[in-house]
């Protein structure tokens, strides 16, 4: 059986983990090499990109920005900053109009400092914060820099104390923290009511398909696989000739000029231009490009070592 090479965008339902989705897709496709991009909390629904086969090696090179639609509940503080946590306190929210809500949202737009929730996957002294929180420990989690490019108020319900919103943000942003911090600014506390991710790693909700049946995933017809180039449309491309392809397959540098590159078919908008999720990658800040073989398929990833040299970063079907 041919191992699939590409992506499936799952519309993750509530109540299961991102890893549960990966496990089910392994059974559907009958392969072990499956990964996902951008963990979603169990209660959160929406876009979950699934990488199949060697496409898992492409995940660090996809755009990291994400978009969400959701609701913030005023008047409630919880242990996890969403409604799945234990209720810490409850109080009435003030009378507010739409203009006042907009004014409260303004400080959260742009480049800001944000402290992750106590119940989160952030490492604190070598251990996940959520593991320590479940033991009843309280810890100081350092704030970190994130970017909220767009925070749109959709509706304010005074009677229910609910703020409906759209947000477009950088990788590493916690929407639960946004809800918590907004509540503290208003003075009544708040937590996340519900959340749906509408865009992640360059994929959007219109591309998402339902998660295959839990009871008989092996009998389910596998969903269509999006080709790798679909996910890499934000990067320029370098087409190899036969001689270059032989060198490339052996992991050797390619001599080329930047004017030989094809421009990115769908370059990122200004509010999406951030570094790839893998910030520890030494090539993360270099000019990445997709390398295309003689058949027009993805041969790997590379970056410009200098103005005339392309250095391999990921090589598919390597020889030697």
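Cβ from N, Cα, C; glycine included.
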53-73, 74-94, 95-115, 116-136 - the range that Swiss-Prot marks as region 'Disordered':
116-136
For residue 41 (active site, nucleophile), nearby residues of its own chain (Cβ under 8 Å, 6 or more apart in sequence)
82, 84, 176, 195
